[in-house]
Amino acid sequence: MTTTRSGRAWTSQLSAYRAAVQRRVLLVLTAVQVVAGIGAAAGAAAGTLAVRHLSGSDTVAGFAQVGVLLGAALAAVPVARLAASRGRRPALAFGYGCGLLGALVAAGAVAAGSWRLLLAGLVLLGGATAAGLAARFAATDLSRPGHPARDLSIVVWAATGGSVAGPLIAGQVDDTGSHLGVYALTAVVFAMAAVGIVAGLRPDPLQVAHEGSARGAIAPERSLRSALGVLGRSPSARVSVMAIAVSHTASLALLAATSLQLDRGGADAADLGIVLSLHVAGMYVLSPLIGWCADQLGHVPVLLGGQVLLVLAALTAGLAAPGAVAQSGAALVLLGVGWSCGLVAGSALLTESVPVDLRPSVQGLSDLLMNAGAAVGVLVAGLLVTADAYTVLPGTLLVLALPMATALLLARRIAPAAQSTQSMRSMRSMPPAPAPPAPAPPTGTLPPAWPPPSGSSGHLLT
């Protein structure tokens with residue numbers, strides 16, 4: 001009895017400790033996401049204009065966004081490896097450090113008048129995008145069961161302010177057309193984000209999750225091969241990765257093509273700004289509500305709803321005339337909400353489908369695929385608009401979204417039956433479980449004062 005009571009007391013103290021760490025993790029990640037979002041949005045918004053200014057070519061300017069996405073895809077792998085081997089803190093700091101270096105290279109390129117060097121800087125700038133995406137997974141490392149989507153959505157929602165304010169601040173900082181000041185600002189912002197992660201993300205949430213997991217503090221798998229193996233064995237992980245990639249690719253490709261189509265149709269800068277703001281609002285503003293729905297209603301239904309919204313967005317955009325601002329704006333709002341459903345619910349489902357030691361590698365593979373797919377999508381979108389074949393793109397997105405929606409519908413029907421059958425088999429073959437021994441306190445990541453004294457208010461990190 002004494003052993004059982006001590007085990008329960010330890011479990012209660014560990015839960016309180018993890019909850020306190022999670023509160024701090026969410027606070028730090030949210031603050032950093034607000035700051036870093038300004039730099040990411042400002043740098044990306046200035047990229048296309050700066051490349052066009054230096055190269056004098058609209059075609060070359062189209063590679064600016066592709067460069068950022070390619071950089072995010074390439075950085076996803078080392079960010080995941082660092083997270084697996086050393087924790088979230090060095091991984092996120094590395095990503096923002098790459099963004100800082102990219103901003104400095106971009107500033108030097110603008111000063112030197114080299115669009116080729118500027119494209120290289122934008123690729124490095126994608127490292128900050130990779131860090132921002134990885135931050136959403138860091139928010140789920142210590143989530144309570146049934147709450148990963150809510151925690152994740154808070155960090156996603158925090159990017160709203162930066163995504164809206166970044167381009168506006170960029171315009172105020174440098175209206176000379178050179179964009180040198182924009183990249184100087186971006187460098188400062190990413191430096192602040194890196195310092196915030198290094199100083200504030202303590203203790204490391206992924207290390208605490210390893211200590212508290214049933215498998216203990218074990219060496220995590222870091223290879224892409226192991227991540228591919230997980231996707232081959234886990235239908236839910238496979239479906240979530242596919243849904244995230246389709247949502248991200250469809251969102252960025254259709255956004256890029258619709259913006260170009262509106263510009264070619266005679267829409268002025270004010271109309272384009274309103275349409276893009278509505279799209280950003282659709283992406284981020286509703287993310288906490290989407291996270292709550294994913295936790296309460298299930299991840300697969302929300303993913304399915306997101307694919308339906310992508311289909312509606314593609315149809316609405318495909319039927320719009322070149323200068324139809326209202327109809328195109330409605331399509332981009334639907335597109336933004338569909339993206340949010342895919343990212344929030346898909347990321348939460350992926351996290352819950354994979355053991356703690358395998359999560360970083362699988363999450364990194366997911367980010368690699370989503371950004372690589374988006375880079376290809378944006379490139380194809382630009383080529384189609386240039387060739388006066390804009391309507392082909394919505395049709396292509398339908399070809400992607402409809403099979404994905406069908407797969408999610410089948411997963412929703414099959415998964416409960418499969419889980420029930422597996423549970424019945426396990427119960428029939430399982431011998432009676434012995435009484436569990438009292439767990440040993442975790443080591444390595446907890447502060448020396450752990451466990452907290454009785455009567456603690458729970459503010460263990462101040």
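Quick reminder: no glycine exception, Cβ is built from N, Cα and C everywhere.
Going by TrEMBL, these are the annotated features:
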| type | residues | note |
| --- | --- | --- |
| TRANSMEM | 25-51 | transmembrane segment |
| TRANSMEM | 63-84 | transmembrane segment |
| TRANSMEM | 91-111 | transmembrane segment |
| TRANSMEM | 117-139 | transmembrane segment |
| TRANSMEM | 151-170 | transmembrane segment |
| TRANSMEM | 182-201 | transmembrane segment |
| TRANSMEM | 239-260 | transmembrane segment |
| TRANSMEM | 272-290 | transmembrane segment |
| TRANSMEM | 302-325 | transmembrane segment |
| TRANSMEM | 331-356 | transmembrane segment |
| TRANSMEM | 368-386 | transmembrane segment |
| TRANSMEM | 392-411 | transmembrane segment |
| REGION | 421-462 | region 'Disordered' |
| COMPBIAS | 421-430 | compositional bias 'Low complexity' |
| COMPBIAS | 431-454 | compositional bias 'Pro residues' |
(message) Check the transmembrane segment (368-386) against the transmembrane segment (239-260) for contact, please; criterion is three or more CB pairs under 8 Å, pairs 6 or more apart in sequence.
(response) yes
(request) Please figure out which one of 182-201, 239-260, 302-325 racks up the most CB pairs under 8 Å against the transmembrane segment (331-356). (result) 302-325
(request) May I ask you to check whether the transmembrane segment (239-260) and the transmembrane segment (151-170) make contact, with contact taken as at least three Cβ pairs under 8 Å and only pairs 6 or more apart in sequence counted? (result) no
(message) Assess whether the transmembrane segment (182-201) lies in contact with the transmembrane segment (25-51), where contact requires at least three Cβ pairs under 8 Å among residues 6 or more apart in sequence.
(response) yes
(message) Below 8 Å between Cβ atoms, which of the listed ranges 25-51, 91-111, 272-290, 392-411 makes the most pairs with the transmembrane segment (151-170)?
(response) 25-51
